[in-house]
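See structure below.
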Amino acid sequence: MSETSASVFNHIFHNRNLYPQVEITNAQKSINKILGYLNAGRLRKAVSTLFRFPELLPYSLYAHLFQICCSQRAIVEARKVESHLVTFSPTPPIFLLNRAIETYGKCGFLNDARELFEEMPQKDGGSWNAMITAYAQGGFPDEAFSLFLGMNKVGVYANKITFASILGSCAASFELNLSRQIHGHIMKYGFHRNVILCSSLVDVYGKCQVMSDARKMFNEIRYPNAITWNVIVRRYLDNGDGREAVLMFSRMLSAAIRPLNFTFSNALVACSSIYALKEGMQIHGVVTKLGFLENDVVSSSLINMYVKCGELYEGSRIFYELGSKDLVTWTSIVSGYAMSGKTLEARELFNEMPERNIISWNAMLAGYIDSSKWLEALDFLYLMLDETKSLDHVTLSLMLKLSAGLSDHEMGKQVHGYIYRYGFHFNLMVGNALLDMYGKCGNLNNARVWFGIMSTWRDKVSWNALLTSYARHQLSEQALAMFSEMQLETKPTTYTFGTLLAACANTSALYHGKQVHGYMIRHGIEIGTVLSTALLHMYSKCRCIGYAFQVLKGIPFRDVGLWNTIIFGCCHNRRAKEALELFGAMVEEGIKPNHVTFHGILVACVEEGLVEYGAQCFKSMMNEYSVLPQLEHYNCMIELYSRNGYMDELENFVKTMPIEPTISMLNIALDACKKHEYSKLGEWIMEKINEFNY
DNA sequence: AATATCGTAC
């Protein structure tokens, strides 16, 4: 009996104590193993260890695993964790399933998330939030909205997390009306002191381009934090109000809130957009003081700001003084040189870059195209396609700009084919570049057809591009008619008026030109330097020099373009002598003449027959001003010598010029040779012309 | 964060 009882006791003892102890040890062993793998960053190994253990483990472990799957976007492992959980736990806690939904959402597998969400026998507010957040962050705002409605229907209360996600979706899909309703809810639920939600409202209003409401909301926030300030600066910048963006940034500094690196960056981009060098330099000072100089985000924007404000040297100084340079700072400086017309230096830097991406390639390509170096651009493009095998919407837009610059209709059509194949048809920027290409290559019909196709997604840039095509084809009447039509769909911009005035100028349509000028005054259009230049050009082309001078009087700042317009305006109005006097005044004012200026000067010399002075200008343009003569300058010189019978000089010039004379240059010179019986050069030219025929 | 479509003088 005692023996038996002893053995029974023994048995019970084993069952009660010894066996459970083994079980705990095994579970503990597995847990330790899993945690060890996780600490070593070996998620897959951790999950397969979990899978080999056929019983439920502590819930906190699953939570931990989901969290890591989430941050590593490990969908396969996440599915395994969920399956282990639901296999061994008949009623898993809701919070864990919510974590699973979050994880699936973060991995971008919204169907998995939705399936789990639907199958949950019980949901709490967190489940709805997890699902809504998944849709909101996965780029499915409409799904998020409908779930939000569903949640209200079944009587689950929204909380601040719900509102934050829904506002994010509103911002992504520019849902202004819904945003206003959410705004009301937020106030009603008593979240008016919640800085995060209120900052989101500022963001939404800004994204919906209602800056007045954004600002109102901002002003209601008692303690705006760094993110709030960042949002308001960024939204002003995006809405084209660089001035206000810079202003808000300076207020942020006054409020003693330490800017984020992106806020510095936004403020500097805002400075670039309004060419506010002084303000930019002040921000540079703050950057230095607060120790952001070595921050890649800040330094690249700083370089960019100096370059855009015309201080390339200062930009490159920052670049060279940087301790570590990343891809973006490299791209900034390459782009800086490229966009300042210094393509040689830019290319050297480009070749030195330790790594490149599509943006760096695009930046270099844009530099060539911007300085009209078409052939270099073409070579570079081939190299790019060869080496990177990749292109994006920016590359395609640049390719179209290149085709337009070369007036190469065939190439343009080929690029159109590319666009079609790569599925960039609905990209607005590419579409507008395509429109412009057809216009510039002289195919107005294709431009119009494409403009029609774009009717559901075109913008004001599309209208401007089409107007330009009409203007280019000397169809100013039709351009003005389009202008009326345009106003039914969108508002005109500076570009619109620039184009219209040019159209009037080129067709000497004084009446229409005055109408456009009147429209601008009546509608309070700000007439800056560009539009003043366009007006001046129009009036002087229309031989209305009195009005032209009237416009000139009201302009406080004269740039090269304006001076060039005045100089050419004098030439058109048989006042070449005054053009030459103006050149002196311009130089005195400290404005650097460019290739267009010298073209104007040489045209004036041709008109006045000033051979020696013209030759002197031609020399000084290279030696003193380092402006490289182009076709039109050579053309002027040949005309100058030919018209005035300077045959020895003509011969010397034609035979030593570094580029091949064009057929029209040769014809001008040949006429002179015939007139002055200068057969020595005449024969040489005849030979050249014959070469052209072969 | 860095590239990016339309305008003025030729």
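Going from the start of the chain as shown, residues are counted 1 onward.
Backbone N, Cα and C define each Cβ position, glycine as well.
Automated prediction, rather than curation, is the source of TrEMBL annotations.
Source: prediction; values computed, not measured.
The annotation repeat 'PPR' is assigned in TrEMBL to A:124-158 (among others). In the repeat 'PPR' (A:124-158), helix, strand and coil residues by DSSP number 26 helix, 0 strand, 9 coil.
Here TrEMBL flags A:225-259 (among others) as repeat 'PPR'. Sequence-distant neighbours of the repeat 'PPR' (A:225-259) (same chain, 6+ residues past either end, Cβ-Cβ under 8 Å): 195-196, 198-199, 202-203, 205-207, 209, 211, 214-215, 218, 266-267, 269-274, 276, 279, 283, 286, 290.
Summarising the annotation, TrEMBL assigns repeat 'PPR' to A:326-360 (among others). Within the chain carrying the repeat 'PPR' (A:326-360), a Cβ under 8 angstroms from the stretch's Cβ atoms is held by residues 296-297, 299-300, 303-304, 306-308, 310, 312, 315-316, 319, 366-368, 370-371, 373, 376, 388, 390-392, 394-395, all 6 or more beyond its ends.
What TrEMBL lists as repeat 'PPR' is A:459-489 (among others). In the repeat 'PPR' (A:459-489), helix, strand and coil residues by DSSP number 27 helix, 0 strand, 4 coil.
Across the range of the repeat 'PPR' (A:559-593), the DSSP-based residue counts are 26 helix, 0 strand, 9 coil. The repeat 'PPR' annotation in TrEMBL covers A:559-593 (among others).
For the repeat 'PPR' (A:326-360), DSSP puts the residue distribution at 26 helix, 0 strand, 9 coil.
Looking only at the repeat 'PPR' (A:225-259), the predicted model's pLDDT averages out at 95.
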